[in-house]
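**Student:** There's a structure below that I have some questions on.
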Amino acid sequence: MIRTILIVLLFVAVAGTGYWGYSEHQEKNAVLLQAENNYQRAFHDLNFHMDSLHDKIGETIAMNTRNQLSPALAQVWRLTSEAHNDVGQLPLALLPFNKTEEFLTKMGEFSYRAAVRDLDKNPLSDKEYNTLKELYANSTEIQNELRKTESLAQKNNLRWMDVEMALATNKQPEDNTIIDGFKTVDKSVEGYSDVDFGTEVSNMEKMKDRDLSQLKGKKITKEEAKKIAIDFFQLKKNVKITVESTGKDAKYDAYSLTLYNPDTKGTTYMDLTKKGGYPLYVLYDRNVGKAKISLNEAMLQAEDFLKKHMESKMEMVTSDQYDNIGVFTYARLDNGVRIYPETVSVKVALDNGDIMGYEGTDFLLAHVDKRTPTFKISEQEARKNLNPKFQVKETSKALIRNDINEEVYCYEFLGILGNDTFRVFINAENGNEEEVRKLKEAEPSYNDI
Amino acid sequence: MKRNSAYIKGAFFAIALCFGLLAGFGQNNAQAFSNQVVQVGATGEDVVELQSRLQYLGFYTGNIDGVFGWRTYWALRNFQYEFGLPIDGLAGGTTKNKLAKASKYDKAWVNRQIDTGKKFSYYGGEKRSAKSGAAKGGTAKSGTPKAGTAKGAGKPKAKPAQVKPAKNIPNGYSQNDVNLMANAVYGEARGEPYIGQVAVAAVIINRVNSASFPNTVSGVIFEPGAFTAVADGQIYLTPNAQAKKAVLDALNGWDPTGEAEYYFNPDTATSGWIWTRPQIKKIGKHIFCN
């Protein structure tokens, strides 16, 4: 009797476990399938967008009139963005596929620039047609390779989950088709890396190639770096300092210093350029107590600090309080002109006014000792190009980097339209509206309500 | 034109002020500001009081949120203009005294509104657009702001202004972006020194700005396979205050990595390819590369 009960119980237990296991398995499969479906969608979308992109570029080459060409180029721009978006959803982070993404971005930038300009006055040049032709050839290659990969993946029922798994564990998957296909695409793009996208797109590139070689002064050693740091913070002897040099591939050659002060139990991190020993950034990490001083007092501390450590005259452009921290941005003032590319940020603790941080990389990269301001039109003339509904409250002169990264002298108008505050920059040479910047108001905290 | 009407309003004010003073309204000074100078970007009690008082006088029409934003700035400047003060947009001693004399402020009441997140009408009840003598009397008579609220509710014109706490967030980002990034930083680098956390946040920003990565914070963070913390779910841990601080520093421009777009932990990295990237420096356990 007991034996029968035991057998029945055991049977129920086994059957129960079996059922539980089966439903777990089903659930897991459903989740995996869903992830796989997302990847598949992104992959097929990418193929579709590359197909249309290829066709559209082909069409632009054949087009002649502006009212055809501008919309077609705008389509190219949209499709590059869509394709870029698709790539971002595929598990390619561990694959060398960034050349292709970069290429898509540049192609988008190029077609955007061409689409928004007045092609009647300023038609596509021969050079630009050549660029388009090269882009067409390149997109043909990408399209072919992707199509081949897609059809093989469909034929052999390849799963992106396997690709992801293989990439994450660095094991070779049984079927490499997808990975190989994407690698080939990236290689083929590399072959087109010298495509001339014109000055506007290459200006963007130039920003990435800036370095610190124009800095004055000679190379410093590790010991000198230590001394500079001690002077900089007026430190006592008991502070522990470690210095490390950046790797040989670093864009900005620098020494990274870590200073531990046992008195305050705070650690300060600092990077000094090897050439000249200028501070790239300073960050002081300690616990900051409740705010006791005002943002205004903190600003005075920041200005004191800048006067001590910088030769240039700086003017505050933003001030923000983050709880017990004040952050200020300063732009260099050159003969009454605000040089916006040359900015530094200073962070001040609001419990006792300590300088908590300094960021000067942008300043060092953009700094030019002598600039020649060109203000051809008067402020009154510039004002005429403003939106008539815009109420000007303050005017100043400024140098900004416009949307193609050229430095232009501008009149800066601070004013309001409706409830919003804007900075509007009018080119001081030709009166073009270079930039309209909406100044952000504080954001309500949604989760505290 | 606008300025003109503001001028008239100001004149009304001055009259109302005189009446008010005669009626013995001087005692409001007891609750006036702290002795700090308030400037654009500041947050806290003083700003709440400043906004409330400016709203009471009809200069400020935005939400009382405790953040000295641009709307507060222009309101303060208008106030300074009307009352013949130097127009600098700073709430210093003289400005605050004038403001305290000209307006009333019920601190406890306003704080209660903020705590409960209630909607309420203009602080002080009447908008200055009510120019009749009755309105003047009304303002003077309404002993507590609450009475004014009841009146304001009756008027269809008075649009409800909210008291809600707000925060400064670096330009171009939202609080939710900051939270998401804090989650990612905490999941990826919670065992790292502070500078290592700033560095991870800086890499996320560098990727957003890079041509070869998605263009949004969420796109970068959730790119499949990009971050291990996303893959294994550690991103959903609750971040601590330090992670948020690190993210704010990175958003404010601090980049300890020298513009790195990749980083990896040499002890656990599984991809051979990542080793081929040009290395910049090591911060904590992570190697940062281009």
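Yeah, the Cβs are placed from backbone N, Cα and C, and that goes for glycine too.
Any TrEMBL annotation is an automated prediction that lacks curation.
Below are the features I grabbed from TrEMBL:
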type	residues	note
SIGNAL	B:1-32	signal peptide
DOMAIN	B:43-99	domain 'Peptidoglycan binding-like'
REGION	B:128-170	region 'Disordered'
COMPBIAS	B:131-161	compositional bias 'Low complexity'
DOMAIN	B:191-289	domain 'Cell wall hydrolase SleB'
**Student:** Looking only at the domain 'Cell wall hydrolase SleB' (B:191-289), report the model's average pLDDT.
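**Tutor:** For the domain 'Cell wall hydrolase SleB' (B:191-289), the model's average pLDDT rounds to 88.
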**Student:** According to DSSP, how is the domain 'Peptidoglycan binding-like' (B:43-99) divided among helix, strand and coil residues?
**Tutor:** 32 helix, 4 strand, 21 coil
**Student:** Run through the domain 'Cell wall hydrolase SleB' (B:191-289) and tell me, per DSSP, how many residues are helix, strand and coil.
**Tutor:** 43 helix, 12 strand, 44 coil
